[in-house]
Amino acid sequence: MKFVLLFGVFLVTLFSYSSAEMLDDFDQADEDELLSLIEKEEARKDCIPKHHECTNNKHGCCRGHLFKYKCQCTTVVTQSGEETERCFCGTPPHHKAAELVVGFGKKIFG
């Protein structure tokens with residue numbers, strides 16, 4: 001009887017130790033995931049939104065629903081006759097077509 005009792009105490013101790021190790025692993029995974037989300041949020045705050053000027057930072061556009069916006073540039077003639085380049089973050093035509101097809105597919109199939 002004493003052997004069964006000691007064996008039971010040993011199993012309970014072993015189980016509590018292993019579950020504590022698993023909880024520590026889960027806590028570490030949660031912390032890593034939280035840090036990753038915070039870093040992504042910071043990067044999202046630094047990006048340039050759609051339809052805003054990206055002339056000086058052509059690779060800093062934000063992400064859209066499916067794709068990252070692209071910096072699209074045009075040449076503008078000012079009132080004084082000078083040609084200058086103006087850029088804005090927008091969705092390229094082939095990305096618009098892909099988003100349209102995906103949206104249409106979602107309406108039909110899902």
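Counting starts with 1 at the first residue shown.
The backbone N, Cα and C atoms fix where each Cβ goes, glycine too.
Swiss-Prot lists a disulfide bond between C62 and one candidate from C47, C71, C73; that candidate is C47. Here Swiss-Prot annotates a disulfide bond for C73; of C61, C87, C89, the partner residue is C87.
In this structure the alpha carbons, written CA, of C61 (disulfide bond) and C47 (disulfide bond) are 5 Å apart.
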